[in-house]
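A quick write-up on the structure given underneath.
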Amino acid sequence: MSQVQRITVLGATGSIGLSTLDVIARHPERYQVFALTGYSRLDELLALCLRHRPAYAVVPDARSASRLRDGLAAAGCDCEVLEGEAGLCQVACASEVDAVMAAIVGAAGLRPTLAAVRAGKKVLLANKEALVMSGALFMQAVRDSGAVLLPIDSEHNAIFQCLPGDYSRGLAQVGVRRILLTASGGPFRETSAGALRDVTPEQACAHPNWSMGRKISVDSASMMNKGLELIEACWLFDAAPSIVEVVVHPQSVIHSLVDYVDGSVLAQLGNPDMRTPIANALAWPQRIDSGVAPLDLFAIARLDFQAPDEQRFPCLRLARAAAEAGNSAPAVLNAANEVAVEAFLQGRIRFPEIASMIEQVLEQEPVVALASLEAVFAADQRAREHAQAWLRRHGR
Ligand code: NDP
Ligand code: MG
């Protein structure tokens, strides 16, 4: 690895992408931006290219590429513009790249993230949907290529920090009894089941503690985010779903905990700011400044804990069942959820129908083994078709 690490940021225009660039910009002696990718926010991508001077930028299609090229040329910036999924995969596995931040949202991130894994890169994984969809194949690819996979999701980064360095020997071997995954409870933690029928996308996206993209904000509101994270934790740490417990902790100061057989419980605490896990993974095993203010325990004063309510938040129950069923079930859950969240954001379904739609798609889809990436995408596609059919019957 060269002295200065060259980084590709997949999903640079998003919430995680921008936080990553904020941390990178604090350490020009350590990090250089190799490539930035965006999708719809082209003006933002242009501004980021002018600020960070990457060798490559990637956009979805020829039209966006020509717009970005014009903007770059007008500013005298000689950044090469690539297009589509092929462009994303190219910048994810290029030989010049040391580390890849995987921060595209949803299934769209799977191929480029896997390309980085297969190329043996240091992969900073924010795109949990990629791992949820293809867990077995993904983790096999990590083992085969020797890629270094570091979790960015704050809970998983916390767990990673609370585990011993040799945890890959097996959690039982290193004395782990349970993983305690904390959840803020989201904006509707105290909303009654009846009132959940009338909540709006704006209310769902107004998270009390974290500022995030719209899809993950809705996932947090439905607690599907915690369900996806449960599956993510099982793959990352080779844990059985039965040892992963969800603990609602409204302050979002403890980012997760590991319970050991001797009764010790290790936790990682910090202000709810994604720059902490990003800096942790970027510099691992060293530590660097992230720009996050020191934690003020006197201002926080108290830490509360509650059991999750699976009656009001059935997505958690559906995700746990999918984790236990394994095989194609998590990919089906994820695809149905992506369609449901989009429909909710467009005002086509009510909030509680997110869970109803996912449950019905899961009931219709047989659980099958996923032996290849093609099989993963086929399961994803079938689930999306079922979800669309449900929408035609029940949506507005
Ligand atoms: P955002 O919606 O803010 O950003 C998503 C990024 O993906 C943007 O750069 C967007 O481009 C790009 N993108 C969207 N669709 C496509 C597509 N079809 N092809 C290529 N690129 C696409 O999301 P977040 O940053 O909040 O989340 C990113 C990932 O990180 C998600 O998987 C999320 O679950 C995970 N995560 C996020 C956390 C957070 O605090 N935000 C915490 C933990 C995990 P554009 O904006 O230009 O359209
Ligand atoms: Mg999280």
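Just so it is clear, glycine is given a Cβ too, placed from its N, Cα and C backbone atoms.
Under the three-state DSSP scheme, Ser15 (NADPH binding site) falls in the helix class. The local packing around Ser15 (NADPH binding site), expressed as other Cβ atoms within 10 Å of its Cβ over all shown chains, amounts to 19. Per TrEMBL, NADPH binding site is recorded for Thr13, Gly14, Ser15, Ile16, Asn127, Glu129, Gly213.
Marked as 1-deoxy-D-xylulose 5-phosphate binding site by TrEMBL: Lys128, Ser154, Glu155, Ser184, His207, Ser220, Asn225, Lys226, Glu229. According to DSSP, Lys128 (1-deoxy-D-xylulose 5-phosphate binding site) sits within a helical segment. Within the same chain, the residues at least 6 positions away from Lys128 (1-deoxy-D-xylulose 5-phosphate binding site) whose Cβ sits under 8 Å from its Cβ are Asp153, Leu228, Glu229, Glu232, listed in sequence order.
Under the DSSP three-state reduction, Glu229 (1-deoxy-D-xylulose 5-phosphate binding site) is assigned to helix. Per TrEMBL, the feature Mn(2+) binding site maps to Asp153, Glu155, Glu229.
Residue counts for the domain '1-deoxy-D-xylulose 5-phosphate reductoisomerase N-terminal' (7-135) under DSSP, split into helix (H, G, I), strand (E, B) and coil, are 65 helix, 27 strand, 37 coil. Annotated domain '1-deoxy-D-xylulose 5-phosphate reductoisomerase N-terminal' per TrEMBL: 7-135, in sequence order.
The domain '1-deoxy-D-xylulose 5-phosphate reductoisomerase C-terminal' annotation in TrEMBL covers 149-237. Under DSSP, residues within the domain '1-deoxy-D-xylulose 5-phosphate reductoisomerase C-terminal' (149-237) fall into helix, strand and coil as 44 helix, 11 strand, 34 coil.
Per TrEMBL, the feature domain 'DXP reductoisomerase C-terminal' maps to 269-385. Taken residue by residue, the domain 'DXP reductoisomerase C-terminal' (269-385) breaks down under DSSP into 69 helix, 2 strand, 46 coil.
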Rounded Cα separation (Å) that holds between Asn127 (NADPH binding site) and Asn225 (1-deoxy-D-xylulose 5-phosphate binding site): 12
Asn225 (1-deoxy-D-xylulose 5-phosphate binding site) to Gly14 (NADPH binding site) - Cα separation in whole Å: 17
Separation of alpha carbons, His207 (1-deoxy-D-xylulose 5-phosphate binding site) and Thr13 (NADPH binding site) (Å): 20
Cβ under 6 Å from ligand 2: qualifying binding-site residues of Ile16, Glu129, Asp153, Glu155: Asp153, Glu155
The one of Gly14, Gly213 whose CB sees the fewest other CB atoms within 10 Å, among these binding-site residues: Gly213
Residues close to Mn(2+) site centre defined by Asp153, Glu155, Glu229, Cβ within 8 Å: Lys128, Pro151, Ser154, His156, Asn157, Leu181, Asn225, Lys226, Glu232, Ala233, Ser256
Cβ under 6 Å from ligand 1: qualifying binding-site residues of Gly14, Ser15, Asn127, Lys128, Gly213, Asn225: Gly14, Ser15, Asn127, Lys128, Gly213
